[in-house]
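Working notes, structure below.
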Ligand SMILES: *Cc1c(COP(=O)(O)O)cnc(C)c1O
């Protein structure tokens, strides 16, 4: 028997899921009674379940997969590396693909970023950035700079430090007692601001500057999701805002930490979202698409200025005391290298850039629907905000689970995606061609219309 072949029926697997498995970010009571999809295979931009039914991967397996599933070159990169070694430690030792990938990442990220520190998930990459920023100031003789300024409604991952700099009320309320305190300012959200886009931007910058003026001496860094606040609801910054954030950070002597875990690797139509405004962060976190959505490798990039503050003799005890067992995993780094080689060979970022205006055309009918408040798009990043009353912009009540219902209908029609509350996300694999995007958008339109106008 083929080892990977499923030898159980759907019902048997679901029963085992019920008995043994607790799924993340999932209310198990609802999930188990809702005929969940159990994936068996993937092929290109489609997933196939254990009963052979195909689905479009409408959120790239939760924002990961840029090049499609089961890519021959990516599979080969892993099996080739596997012939040599799967993993050896990066603690006081090194390996070939980890070094090669570090060079590549330094080459493609903004010029200020010169060193790569690996980890296994976006949340860890954020934790590492926080620790680095805090210790950087200590080593520079400013030990009072230990707090962070971040944005309301931000999402930086689910470990305790990452949730502390996050700002999604639902998660904060759940873990309040565990979190350390941070300074919070508003992320510009023009659709929910009483005034013009420009006025929204100015008000948010004013708030940020005031806080930096008052608390700058205690703040180690500003943490921000550049251009798009992702899990907070696909909220787009007004043009020019990010550049001003950078200027304010430099003016007030705090580090700029750009969390590009969601936006990095072409999702917004640039390789990194910071490039939209020529922004040079001091620290940048990467994850998600880095390995083509294959294996868990993440990275925190830093400037030489930060790195050099830790560089010293043994007796100074400036070693960066942080590391994970699987840091710099060879299989992960090897597939990441091949992933980035495909980006270059096939012009993936250019494809997103060129196709984004056509995607905007396809999405246009959505904006006209009675319960669509706003359709937000940057590259292949799309959020559709549903509202009970379009004129008054009244949100749906949480209990209505409107997003869940729309995504449930999309699933019946053959596409998988997940809602963020009342915002439907559409994050197709970056490789998606026009006709594939059109087929997915048709399902989106139909699901939103049927569920909200029923
Ligand atoms: C997904 C995400 C993270 C967390 O990454 P994980 O790999 O899930 O830990 C952090 N920041 C942003 C902006 C994200 O979208």
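Using N, Cα and C of the backbone, Cβ positions are placed for all residues, glycine too.
Residues annotated as pyridoxal 5'-phosphate binding site in TrEMBL: 122, 123, 259, 324, 325. Taking Cβ-Cβ distances under 8 Å and a sequence gap of 6 or more within the same chain, the neighbours of residue 123 (pyridoxal 5'-phosphate binding site) are 156, 157, 158, 159, 162.
Sequence-distant contacts of residue 288 (substrate binding site), defined by Cβ-Cβ distance under 8 angstroms and a gap of at least six in the same chain, are 63, 64, 122, 261, 262, 264, 265. Residue 288 (substrate binding site) falls within a helical segment according to DSSP. According to TrEMBL, the substrate binding site annotation covers 155, 288, 323, 418.
Marked as N6-(pyridoxal phosphate)lysine by TrEMBL: 288.
Residues 122, 123, 259, taken from the binding-site residues 122, 123, 259, 323, 325, are distinguished by a CB atom under 6 angstroms from ligand 1. In space, 259 is the closest of the binding-site residues 259, 324, 325 to residue 155 (substrate binding site), judged by Cα positions. Fewest Cβ neighbours within 10 Å among the binding-site residues 122, 323: this applies to 323. In sequence order, 89 make up the list of same-chain residues 6 or more apart from residue 325 (pyridoxal 5'-phosphate binding site) whose Cβ falls under 8 Å from its Cβ. DSSP assigns residue 123 (pyridoxal 5'-phosphate binding site) to a helix in the three-state reduction.
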